[in-house]
Amino acid sequence: MSQSPKVGFVSLGCPKALVDSEQIITQLRAEGYEISGTYDGADLVVVNTCGFIDEAVQESLDAIGEALTENGKVIVTGCLGAKSSASGSNLIEEVHPKVLAVTGPHAVGEVMQAVHSHLPKPHDPFTDLVPAAGIKLTPRHYAYLKISEGCNHRCTFCIIPSMRGDLVSRPVAEVMLEAENLFKSGVKELLVISQDTSAYGVDVKYRTGFWNGKPIKTRMTDLVAALGELAAQYGAWVRLHYVYPYPSVDEVIPLMAEGPFKGHVLPYLDVPFQHAHPEVLKRMKRPANAEKVLERVQKWREICPDLTIRSTFIAGFPGETEEQFETLLDFIREAELDRVGCFAYSPVEGATANELDGALPDDVREERRARFMEVAEEVSANRIQRKVGKTLKVLIDEVSAEGGIGRTAADAPEIDGVVYVEPAAKASKRYKVGDFVSVKITGADGHDLWGEV
């Protein structure tokens, strides 16, 4: 029986927080700690929190409380760890004074120091070898690749910069090495994430790095090209998330549409537009020219007809009039966005939007969100129906006796739709998790597809 100390782990929040969790767990395993799947089997528990919106704050506080009740020894990290209460003290320590330690996000060193203080590491840290790709919390065939930390924007509805700081880009060589190790470990899809993927390299003035003797600028377009070249060697996909609509995005579209990276740099953009009316965007401190955005979307699709655009929006922002909301609905219809999410505006403690005039009642905010989603789902359904009859490349995520569940290039894991694939009729057509298969699409609803190999 192993005598290695055991650490339980609870990971909450977005994919960027998940990457932080993976880095902490990788370091724990590298030092010889075991990861426990239960509270009672752990010597202590680490909880990685989210603090972006009120619901996430409460979920994190509840998770900390549960860990304290079930285990008693808890270290807290993540975005909520950087959040203050109304009295100015640390929120977590105020609500849960029995926690052993609290750190902010992206704090692997601080977390490990806290773990060492309360659960000394074993004498032989090399008992278990950690794979070069690190410990992953995602399925083996896809992984998130975080290229930077923090954000230079000051959107009025957001408190991320106050928790994660200004933009800090990872060195190109470091990013490429991680990507290569992930592909070597069997990853078939790499999801590039950050708080602001388009701004990669701004903080270091796009300095030139080197990978395998080749110069690569610390810049989104150059990094995507390098990742596309690497993905092509392994027959894999690269998908871009959190792409702020800078002009530089225009340079990435051709990489998706033609040349050696086509089919590897996926024709998929996750662009958080947030709204379409210039006055609302101005109050949000976001780019404020919807007409130019429409022109760019149309231009992107001229260059890359297969492009899928995902976006998120906020309905019921302070001061939003009915006319301004109708402008947003018109934008959704004209832009024909493929995948859309919408939040009813929710005040976030510490956000400057709380100081704006014109706060709308809860029922108005929720009613506008519902109307928005009704229009967005109609647009999405119309676009997805166009895929019926086509044969598409599908990455298989699950397999059972009933068949398989996979995703096309248009579908990111967990947030987009899926393809339900019929069981293979012939042994030669059987598939397993992580396989790419050609699927003829036979049906669709407003969100998902059905097909056969």
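Any Cβ shown, glycine's included, is placed from N, Cα and C.
Taken from Swiss-Prot, the feature [4Fe-4S] cluster 1 binding site applies to CYS14, CYS50, CYS79, supported by sequence analysis. Taken from Swiss-Prot, the feature [4Fe-4S] cluster 2 binding site covers CYS151, CYS155, CYS158. Marked as domain 'MTTase N-terminal' by Swiss-Prot: 5-120. What Swiss-Prot records for 137-382 is domain 'Radical SAM core', and it gives sequence analysis as the kind of evidence. Summarising the annotation, Swiss-Prot assigns domain 'TRAM' to 385-453.
For CYS50 ([4Fe-4S] cluster 1 binding site), the nearest of the binding-site residues by C-alpha distance turns out to be CYS158; the candidates were CYS151, CYS155, CYS158. Across the binding-site residues listed here (CYS79, CYS151, CYS158), the residue whose Cβ sits among the most other Cβ atoms within 10 Å is CYS79.
Around the Cβ of CYS155 ([4Fe-4S] cluster 2 binding site), the number of neighbouring Cβ atoms within 10 Å comes to 19. Counting every protein chain shown, the number of other Cβ atoms lying within 10 Å of the Cβ of CYS50 ([4Fe-4S] cluster 1 binding site) is 22. Excluding CYS151, CYS155, CYS158 themselves, the residues of that chain whose CB lies within 8 A of the CB mean position for the [4Fe-4S] cluster 2 site are, in sequence, HIS153, ARG154, PHE157, ILE159, ILE160, PRO161, GLN195. When pLDDT is averaged over the domain 'MTTase N-terminal' (5-120), the result is 90. CYS79 ([4Fe-4S] cluster 1 binding site) carries a helical DSSP state (H, G or I).
Residues within less than 8 Å, Cβ to Cβ, of CYS14 ([4Fe-4S] cluster 1 binding site) and separated from it by at least 6 positions along the same chain comprise CYS50, PHE52. Taking the C-alpha positions, the distance from CYS151 ([4Fe-4S] cluster 2 binding site) to CYS79 ([4Fe-4S] cluster 1 binding site) comes to 14 Å.
Taking H, G and I as helix, E and B as strand and the rest as coil, DSSP gives the domain 'MTTase N-terminal' (5-120) the counts 53 helix, 24 strand, 39 coil. What surrounds the [4Fe-4S] cluster 1 site, by Cβ distance within 8 Å of the Cβ centroid and not counting CYS14, CYS50, CYS79, is the set LEU12, GLY13, LYS16, ALA17, THR49, GLY51, PHE52, ALA56, GLY78, LEU80, PRO105 from the same chain. Mapped onto DSSP helix, strand and coil, the domain 'TRAM' (385-453) counts 4 helix, 31 strand, 34 coil.
Straight-line distance linking the Cα atoms of CYS158 ([4Fe-4S] cluster 2 binding site) and CYS79 ([4Fe-4S] cluster 1 binding site), rounded to a whole number, equals 12 Å.
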